[in-house]
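Record features, source Swiss-Prot:
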DISULFID  30-78  disulfide bond
DISULFID  44-93  disulfide bond
DISULFID  47-131  disulfide bond
DISULFID  55-109  disulfide bond
DISULFID  59-111  disulfide bond
DISULFID  114-121  disulfide bond
CARBOHYD  34  N-linked glycosylation site
SIGNAL    1-21  signal peptide
C-alpha cells in the first residue's frame, strides 16, 4: 500500500506540477493571418499602409502550480516558421533618403520561443501601431 501511495504521489508531482491553461482550442491556433500594417520614414512626407501576412493565434502554454518549488516554464509564442520579405516604396522622399521599406511575409507559423531578433515579444498594446504622418493607403509591393 505504501508503494502505491508513493507512486501516486510521484505521478501527481510529475503531472500536476503544471496545469495546462487550456485543454482544447478555445481560440484560433497559431497560423498566418492577413494584417494591415503601416510604414513611414521621418524624412518622407507620408505614411503607407499595406496588407501582409503575419503569425497570430493561440499557443498552448503551461503554468506551474508550485512556482517556488519548480523552475519557470518557458511560454511559447506564435512566430514565423517560414517567411519571405517584401518591400514597399514610400513616395515623395527627398533625394538621398532610401524610400524602400522591407517587411516579413509569413508563409507558415509555429509555436516556439520568442526570438527578439525576429519578433516583437511584447504583449498586447494599448493602441495599435499607427502613423505619425498622413496615411497613403494601398501601395503595391515592389
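Including glycine, each Cβ sits where the backbone N, Cα and C put it.
All chains included, 23 other C-beta atoms sit within 10 angstroms of the C-beta of residue 109 (disulfide bond). The closest partner of residue 47 (disulfide bond) among the disulfide-bonded residues, by CA position, is 93; the full candidate set was 30, 93, 111, 114.
Using CA atoms as reference points, the disulfide-bonded residues 44, 109, 114 were checked against residue 131 (disulfide bond), and the closest is 44.
In this structure, the C-alpha atom of residue 78 (disulfide bond) lies 33 angstrom from that of residue 44 (disulfide bond). Closest by Cα distance to residue 34 (N-linked glycosylation site), from the disulfide-bonded residues 44, 111, 114, is 111. Here the disulfide-bonded residues are 30, 44, 55, 111, 131; the one with the fewest Cβ atoms within 10 Å of its Cβ is 131. Its Cβ taken as reference, residue 78 (disulfide bond) is surrounded by 23 other Cβ atoms within 10 Å in the chains shown. In the three-state DSSP scheme, residue 78 (disulfide bond) falls into the strand class.
Applying an 8 A CB threshold to same-chain residues 6+ apart, the list for residue 59 (disulfide bond) reads 29, 30, 75, 76, 77, 78, 111. For residue 114 (disulfide bond), other Cβ atoms within 10 Å of its Cβ number 16.
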